[in-house]
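Enquirer: In case it's useful when we look at the structure, here is the feature table from TrEMBL:
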- 38-442: domain 'Cation/H+ exchanger transmembrane' (DOMAIN)
- 18-41: transmembrane segment (TRANSMEM)
- 53-70: transmembrane segment (TRANSMEM)
- 82-99: transmembrane segment (TRANSMEM)
- 111-135: transmembrane segment (TRANSMEM)
- 216-236: transmembrane segment (TRANSMEM)
- 257-284: transmembrane segment (TRANSMEM)
- 304-321: transmembrane segment (TRANSMEM)
- 342-365: transmembrane segment (TRANSMEM)
- 385-405: transmembrane segment (TRANSMEM)
- 417-437: transmembrane segment (TRANSMEM)
Amino acid sequence: MGLGAAVALALGDPPADYASIAAVGLFVALMCVCIVVGHLLEENRWMNESITALFIGLGTGAVILFASSGKHSRVLVFSEDLFFIYLLPPIIFNAGFQVKKKQFFRNFITITLFGAVGTLISFTVISLGALGLISRLNIGALELGDYLALGAIFSATDSVCTLQVLSQDETPFLYSLVFGEGVVNDATSVVLFNAIQNFDPGNISSAKLLNFIGSFLYLFGSSTILGVASGLLSAYTIKKLYFGRHSTDREVSIMMLMAYLSYMLAELLDLSGILTVFFCGIVMSHYTWHNVTESSRVTTKHAFATLSFISETFLFLYVGMDALDIEKWKIVGQTYSPVKSIALSSTILALVLVSRAAFVFPLSFVSNLTKKTPNGKISFRQQVIVWWAGLMRGAVSIALAYNKFTRSGHTQQPSNAIMITSTISVVLFSTIVFGLLTKPLIRLLIPSRHLSREPSALSEPSSPKSFFEQLAANSPGHPDLENGISLRRPASLRFLLVSPARSVHHYWRKFDDSFMRPVFGGRGFVPFVPGSPTESSLPLLPGNEN
């Protein structure tokens with residue numbers, strides 16, 4: 001042992017894994033490049049940050065492939081654990097935390113219809129299409145369970161990319177529909193996939209089908225309840241203990257940790273972590289966020305957004321670099337002709353297009369039948385955008401494909417390898433092509449004069465004074481405002497009958513103000529540090545009595 005090594009060990013420095021350090025360092029450097037390039041392309045009508053990260057990942061993979069003389073193209077092996085445990089939770093939580101709650105719950109029935117029933121329709125169309133078309137390509141010994149798994153894999157939309165291509169401020173209605181559907185869709189697809197893993201093709205009965213439907217409803221309801229309960233627990237804990245009087249770091253930390261804990265609890269209980277953390281984010285934004293100090297509100301808002309942004313960037317870099325997995329491409333190239341590979345990818349892509357159209361347009365028609373006012377209906381142009389924006393496939397599809405067709409990310413079976421490469425091809429094509437064309441399509445179908453600019457529910461105040469004025473105006477004692485947006489009072493009984501959503505919202509607010517906010521806090525509960533200028537200069541705002 002050399003003198004330097006002996007001194008290092010004596011000082012307690014562990015031996016470094018330089019390969020891991022190099023891999024992490026490379027990803028950090030690439031994320032910095034993505035941020036810079038994304039900033040420069042901010043006003044570009046075609047590009048968005050997810051596609052930029054995907055291109056940079058592909059380019060980096062090609063450089064590594066060339067530098068290693070064709071041996072490998074990536075520095076990290078695709079890991080489901082990395083995706084589902086570390087990258088996905090902050091993205092989904094922040095989406096729930098920042099979502100426009102009124103818009104989301106106003107369209108909740110339609111979102112659930114698209115996300116649950118629509119996913120089942122999409123799954124059926126893709127599975128039957130794969131059984132009828134892909135089986136004729138003679139790519140290998142695929143069983144019925146494999147074709148059903150393909151239906152679940154490619155029914156999963158990319159809700160992460162939706163965040164990039166749709167604007168919550170410009171198109172709040174479309175955003176709430178497509179992203180809300182995407183969250184429910186991802187949860188439904190994962191449930192379907194797990195059910196298929198335990199599926200016995202030789203033992204199908206109506207009792208098992210009913211049992212599956214019951215299991216799905218239980219999963220959906222239990223996951224939602226767990227998310228709501230976690231959010232309420234965090235609100236009650238912070239309201240009663242009020243960590244901010246000693247340390248704002250503690251209340252920020254407890255918010256972050258309890259949000260992540262809700263996801264992990266759902267996974268431990270075999271529920272949907274995606275649904276749980278999404279609804280936890282919604283409840284935290286409604287109650288918990290208003291219970292912390294002013295500085296903590298600004299900190300948590302930007303901390304959650306930053307964590308989500310970093311996870312999204314890392315994820316698309318990861319997928320781009322993993323797309324050039326030379327091991328699987330070599331197996332496919334040695335076994336199948338390029339024509340067969342292209343035919344398989346094209347068939348899957350066509351099935352994705354048809355399956356989404358098979359439920360978007362019919363279910364939109366059904367949804368419109370339940371709407372009494374034209375404003376609540378989904379126009380044909382909006383239906384086209386909903387159909388198009390949901391065609392993108394992403395990391396969920398890749399993660400499920402790796403789970404089904406590989407072991408620890410590796411496979412030597414040609415039929416499994418071509419399924420992985422075809423999944424990667426469909427994900428790349430749909431994300432790049434459909435993602436690039438989504439913004440121009442929206443501008444074409446919805447002219448800029450019809451795009452709305454709504455203030456975010458969690459928009460940053462221009463000053464502490466305006467911050468507290470906004471809280472006072474939005475307090476329970478001010479019934480005409482919600483999220484800073486004026487609501488029209490019903491002029492007649494007829495208006496209430498044709499627009500029941502207003503009355504439902506009215507009764508919810510009465511219940512919220514009378515029972516929920518006194519216990520869990522929320523808007524109107526303004527914490528202050530004893531002895532601070534806030535305490536001495538501000539009068540008690542309506543709702544602070546609790």
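Keep in mind that glycine also has a Cβ here, set from the backbone N, Cα and C atoms.
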Enquirer: Sequence-remote contacts (6 or more beyond its ends) of the transmembrane segment (53-70), Cβ cut-off under 8 Å?
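Expert: Residues packing against the transmembrane segment (53-70) from afar: 26, 30, 33-34, 37-38, 312-313, 315-324, 326, 428, 431-432.
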Enquirer: Sort out the residues at least 6 away from either end of the transmembrane segment (385-405), same chain, that have Cβ-Cβ distances under 8 Å to it, and list them.
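Expert: The answer is 78, 80, 83-84, 87-88, 114, 146, 149, 152-154, 156-162, 165-166, 171, 174, 177-178, 181-182, 185-186, 189-190, 193, 197, 315, 318-319, 322, 352-353, 356-357, 360-361, 364, 378, 411, 416-417, 419-420, 423-424, 426-427, 430-431, 434-435, 437-438, 441-442, 445-446.
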Enquirer: Among the recorded stretches 82-99, 304-321, 342-365, 417-437, which has the greatest number of Cβ pairs closer than 8 Å to the transmembrane segment (257-284)?
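Expert: Ranked by Cβ pairs under 8 Å, first place goes to 82-99.
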Enquirer: For the transmembrane segment (82-99), name the stretch out of 304-321, 342-365, 417-437 with the most CB-CB pairs under 8 Å.
Expert: 304-321
Enquirer: Report, as numbers and ranges, which residues of the same chain sit near the transmembrane segment (304-321): CB under 8 Å and 6 or more residues beyond its ends.
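Expert: Those are 27, 30-31, 34-35, 49-51, 53-61, 64, 73-76, 78, 82-83, 86-88, 90-91, 93-95, 97-98, 160, 163-164, 256, 394-395, 398, 427-428, in sequence order.
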Enquirer: Let me spell it out: take the transmembrane segment (342-365), skip the flanking residues so only those 6+ beyond its ends count, and list any with a Cβ under 8 Å from a Cβ in it.
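Expert: Result: 110, 113-114, 117-118, 121-123, 125-126, 129-130, 133-134, 137, 139, 150, 154-155, 378, 383, 386-387, 390-391, 393, 418, 422-423, 425-426, 429-430.
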